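Trainee: Annotations for this protein, taken from Swiss-Prot, read as follows:
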BINDING   HIS59  O2 binding site
BINDING   HIS88  heme b binding site
DOMAIN    2-142  domain 'Globin'
Amino acid sequence: MVLSAADKGNVKTVFGKIGGHAEEYGAETLQRMFQTFPQTKTYFPHFDLQPGSAQIKAHGKKVAAALVEAANHIDDIAGALSKLSDLHAQKLRVDPVNFKFLGHCFLVVLAIHHPSLLTPEVHASMDKFLCAVATVLTAKYR
């Protein structure tokens with residue numbers, strides 16, 4: 001999916017606004033995904049999946065860092081997330097649909113915390129961006 005200049009601007013604006021909350025939102029996104037799509041828990045059998053657990057927060061921080069990295073390198077998401085793509089495809093073997101679930105949950109978290117920011121145009125841009133991230137993360141599954 002090709003991101004237009006307007007899409008790229010919208011994505012950068014969103015990440016600029018969420019700034020210091022990215023880690024918090026990453027953990028909240030994971031927690032929401034585990035609750036809404038319980039099958040995703042199978043990849044975390046060693047985690048304490050209770051809300052607010054240190055493991056959820058730590059992994060949420062990694063999720064947030066990857067999304068920020070992708071946003072910071074929006075013209076080369078594949079390059080920015082290449083190692084992460086390798087990890088998920090070759091070692092972790094995460095079901096590709098989980099990346100779509102994660103993107104959906106991230107949009108919900110954004111909508112909860114920043115309802116006025118998520119206009120229809122920004123929502124569409126973020127959805128395209130998150131789909132692009134999911135596509136990159138699943139590209140090496142073939």
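Each position is counted from 1, following the chain as shown.
Each Cβ is built from the backbone N, Cα and C atoms, and glycine gets one as well.
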Trainee: Per DSSP, what is the helix/strand/coil residue tally across the domain 'Globin' (2-142)?
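Mentor: Helix, strand, coil within the domain 'Globin' (2-142): 114 helix, 0 strand, 27 coil.
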Trainee: Can you tell me how many other Cβ atoms are located within 10 Å of the Cβ belonging to HIS59 (O2 binding site)?
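Mentor: Step by step: centre on the Cβ of HIS59 (O2 binding site), count other Cβ atoms within 10 Å, giving 16.
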